[in-house]
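Undergrad: First, the structure itself, so that you have it in front of you.
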Amino acid sequence: MIRLEKRPTPSRFWLYATPPVAVLLTMIVGGILFAVMGKNPVEVIRTIFWDPLFGEFAFYLRGQLLVKAGPLILIAIGLALGFRAGIWNIGAEGQYIMGAIIGASVGLAVFPTENRLIFPVMVLAGAFGGWAWAMIPAILKTRFNTNEILVSLMLVYVAQTILAKASTSFLKNPEGMGFPGSRNFSSYPAAQNGYLIEGLGLHWGGVAALVTAVLIYILLTRHIAGFQIRLAGQAPRAARFHGVNPTRLVVLCMGISGALAGLAGLFEVTGPAGQITIDFNTGYGFTAIIVAFLGRLNPLGIVLAGFLMALTYVGGEMASTNLGLPAAAVQVFQGMLLFFLLGVDVLTNYRFRLSGGAAVAGAK
Amino acid sequence: MDFGGINPVILIAGLMATSVPILLAALGEAVVERSGVLNLGVEGMMIIGALGGFVVAVHTGSPFMGFVGGAIAGAVLSMIFAALTQVFLANQVATGLALTLFGLGVSSLGGQGYNGIKPPATTGLLPDALAQIPVAGPILFGHDAVVYFSILMTAATWYVLKFTRIGLIIRAVGESHDAAHALGYKVNRIRLMCIMFGGAMAGIGGAYVSLVRVPQWVDGITAGAGWIALAIVVFASWKPWRVLAGAYLFGGISVLQLNLQAAGSAIPVEYLSMAPYVLTIIVLVIMSSGRRKAAVGAPASLGQNFHASR
């Protein structure tokens with residue numbers, strides 16, 4: 001009989017081996033799924049994972065990779081910080097939307113003015129928008145002990161109705177011939193988040209993502225706050241004896257993750273999306289949850305995971321235009337990846353033992 | 001007798017039907033959580049149930065088979081959660097989220113080609129003559145079978161949890177899995193059953209959305225109903241009759257805001273449509289603050305995995 005046995009200490013090998021194994025398993029099962037759908041599995045997998053990097057149009061698609069990875073990394077790093085401390089901010093999508101709305105509002109309020117301070121102020125406003133939206137569940141959690149998972153998630157739906165209102169009334173383009181959606185930032189240079197290096201797909205969002213990864217890594221490994229976050233997650237009782245203030249921790253983690261999600265929203269709306277529309281948000285806030293786990297809640301791992309997830313987006317789009325693969329198939333693929341990751345992760349803390357009756361009797 | 005263009009009889013009859021999906025899903029989740037498992041995948045199981053129910057009903061032409069299909073679809077998806085958390089001991093919060101993301105993806109993949117089709121109509125259970133009785137008719141006799149099923153399930157869940165041996169075992173597993181294990185109960189197996197029950201109930205609830213409430217197939221059809229169901233379980237302190245009360249409260253708000261929209265109220269549509277979500281937050285805050293801490297009613301082993309190492 002096969003049974004699970006707890007390891008005395010978590011396996012370092014499996015800690016790093018889990019993500020690649022999960023990706024491999026997802027490719028295999030995903031390939032079977034694609035075959036059932038009547039596609040050539042090898043061709044689909046190659047289109048998603050190989051062509052964007054080394055294929056015919058790689059020079060363009062590689063740039064797209066950074067465009068998609070930027071917001072994912074930025075949001076996931078913030079989420080991972082909370083997840084490590086056992087604080088579950090699930091509403092990053094809402095904070096992302098609110099960051100975009102508040103940031104864009106600041107820019108649009110001073111519309112034709114040209115000043116080089118406009119964009120930095122918008123960035124601050126975007127971070128503030130996300131931070132403020134995340135403070136609602138944080139304060140309800142610390143003040144009233146309300147479940148932050150449910151509150152932050154409910155606020156996603158509230159943010160979506162505010163977004164609908166923004167794009168049809170208070171941020172609507174007055175010269176937009178009645179179409180919903182705000183002014184396009186590409187025609188407003190002072191507030192535009194353009195590409196810094198043409199062809200690389202690097203805009204300020206990408207820069208922010210990479211810088212944040214390094215900063216948060218330092219925070220986690222070298223700063224007392226990072227130590228407290230890790231302690232609170234791994235040994236809540238010990239954390240209490242150590243004098244970790246749970247209220248401060250919740251406010252800190254939720255605040256950072258909200259501000260980062262808000263930043264991601266602002267960079268997206270002023271850059272790749274271009275304008276506030278009713279559906280400019282594409283679920284990055286939810287996909288970032290997968291990225292956070294795939295990166296093992298480690299900022300540097302998350303950078304790699306963000307690029308991998310961006311690959312599935314870019315490659316998935318390729319597969320849908322070239323091979324007629326439905327866009328939803330990529331979503332299934334991403335969900336599956338998280339399942340395998342969580343499943344394989346058992347090997348980090350447990351090992352499988354083949355045991356006959358005699359061995360069990362001997363052990364007892 | 002209308003108040004501001006809203007007829008209270010139609011309002012009450014409407015809220016009983018509107019709240020069926022969240023009521024069923026929340027009842028299932030209440031049992032799951034009483035057994036000590038936190039399954040955040042309710043939204044995913046509901047939408048898979050909605051799709052499964054819709055597809056089966058369209059192909060068989062029978063709404064009843066549709067609801068059975070919805071239950072099976074929800075239960076099958078919940079088995080993924082059960083396998084990961086009970087066998088592979090994965091984190092329940094993360095796995096539940098994964099279940100929701102996966103369910104939303106699968107439903108939007110599988111639902112392609114079903115847009116614009118009308119499912120077979122689910123008709124009233126009792127003869128029409130009864131439903132014609134003023135006031136009492138629409139409220140008591142005018143519903144389809146699933147509405148009565150949902151109330152029956154509330155009573156059944158309450159009775160089983162409170163008065164039967166099975167209910168006692170489920171609660172023991174949820175309160176202290178080590179003690180239950182020491183008594184010889186198969187903790188993980190009992191939890192697996194509860195998770196499957198929760199999946200089936202969420203599936204039926206989802207099928208009610210796609211077969212009766214909307215009735216057609218749209219991407220993301222459940223629109224957060226699963227999350228509201230999760231909130232209702234907390235609101236209800238894990239007690240079935242309070243789940244019913246909570247579900248009816250939210251059903252009432254949803255019907256009221258739709259009626260206000262239709263009646264051309266001065267309040268903008270956007271603010272009305274965010275009302276159910278804002279209300280959920282307010283109720284959660286009230287329930288979790290002060291003397292009546294929601295945490296008091298929570299099963300002691302909620303969200304913790306069990307591994308029989310001794």
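Placed from the backbone N, Cα and C atoms, the Cβ positions cover glycine too.
Sharing the record's features from TrEMBL:
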TRANSMEM  B:6-25  transmembrane segment
TRANSMEM  B:37-58  transmembrane segment
TRANSMEM  B:64-84  transmembrane segment
TRANSMEM  B:96-115  transmembrane segment
TRANSMEM  B:135-161  transmembrane segment
TRANSMEM  B:192-211  transmembrane segment
TRANSMEM  B:217-236  transmembrane segment
TRANSMEM  B:243-260  transmembrane segment
TRANSMEM  B:266-287  transmembrane segment
Undergrad: Would you call the transmembrane segment (B:64-84) and the transmembrane segment (B:6-25) in contact, using three or more Cβ pairs under 8 Å, pairs 6 or more apart in sequence?
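TA: By the criterion, they do not touch.
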Undergrad: Counting only pairs 6 or more apart in sequence, are there at least 3 Cβ pairs under 8 Å between the transmembrane segment (B:217-236) and the transmembrane segment (B:37-58)?
TA: yes
Undergrad: With contact taken as 3 or more Cβ pairs under 8 angstroms (pairs 6 or more apart in sequence), are the transmembrane segment (B:135-161) and the transmembrane segment (B:266-287) in contact?
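TA: Answer no: the transmembrane segment (B:135-161) and the transmembrane segment (B:266-287) share fewer than 3 Cβ pairs below 8 Å.
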Undergrad: Do at least three C-beta pairs under 8 angstroms join the transmembrane segment (B:192-211) to the transmembrane segment (B:243-260), pairs 6 or more apart in sequence?
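TA: Stretch pair does not touch.
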Undergrad: Do we see three or more Cβ pairs under 8 Å linking the transmembrane segment (B:6-25) and the transmembrane segment (B:243-260), pairs being at least 6 apart in sequence?
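TA: Answer yes, regions in contact.
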Undergrad: Other than its close neighbours in sequence, what residues sit by the transmembrane segment (B:37-58), given a CB gap under 8 Å and a spacing of at least six beyond its ends?
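TA: Long-range Cβ neighbours of the transmembrane segment (B:37-58): 21, 25, 28-29, 65-74, 76-78, 81, 85, 92-93, 95-104, 106-107, 110-111, 114, 117, 119-120, 174, 191, 194-195, 198-199, 202-211, 217, 220-222, 224-227, 229-230, 302-303.
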